[in-house]
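Peer 1: Here's a structure for you.
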Ligand SMILES: Cc1cc2nc3c(=O)[nH]c(=O)nc-3n(C[C@H](O)[C@H](O)[C@H](O)COP(=O)(O)O)c2cc1C
């Protein structure tokens, strides 16, 4: 069975273009394989907690020495990490929030950045352990940051996600950019349609 992990983070519900685009991409990917299933991690509805002292202890201490709270945090992190590791393809979605990703997506990354699961350090340096899968990254923003835009240096979302995915061993990353959202200069539906046109099979999600 092929597994597609869809990670959404927008708090804007049905108004979110990153969630709409990412969902359409995940469904298009699923249609390519007969027995594919989509695992949806909705970080707006079910945010992972910010990492804290208990988390820092939980990922290091022997399992039989953990408190109930620490064990619960570790279990939540294990579940998110296993979803990521077991996925054949991943679609990550975020709005640009204050020039970076949604804090819920940052927390997800903090939970899946697990030594000996998604990365490890060797004598030659860090080694990613989660490679071999394609990751689509959907970023929606009001501003424009790509294609040499003047605001490009303010984009801390794409470089961060590309670096973290690379750290996890993922080199096959495709960015799906939705820029100018909500400005009224170009209809959001047109922005969505143009972005989805880059993923075969996903363009049908937007009415012509
Ligand atoms: C609190 C907040 C901060 C935002 N910060 C930025 C920003 O720094 N740069 C930008 O281009 N757009 C910014 N936006 C606009 C969002 O990126 C845009 O509305 C995007 O469509 C949100 O993604 P969504 O449609 O998936 O919810 C911000 C929006 C909110 C609500």
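From the backbone N, Cα and C atoms, a Cβ is placed for every residue, glycine too.
Those TrEMBL annotations? Automatic predictions, nothing curated.
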Peer 1: If TrEMBL says 16, 17, 18 bind FMN, which of 9, 10 does it name for the same site?
Peer 2: 10
Peer 1: So around the FMN site, 10, 16, 17, 18 aside, which residues have their CB within 8 A of the centroid of those CB atoms?
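Peer 2: For the FMN site, the extra neighbours are 8, 12, 15, 19, 20, 21, 22, 93, 95, 138, 140, 178.
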Peer 1: Tell me, how many other CB atoms lie within 10 A of the CB of residue 16 (FMN binding site), whichever protein chain they belong to?
Peer 2: 21
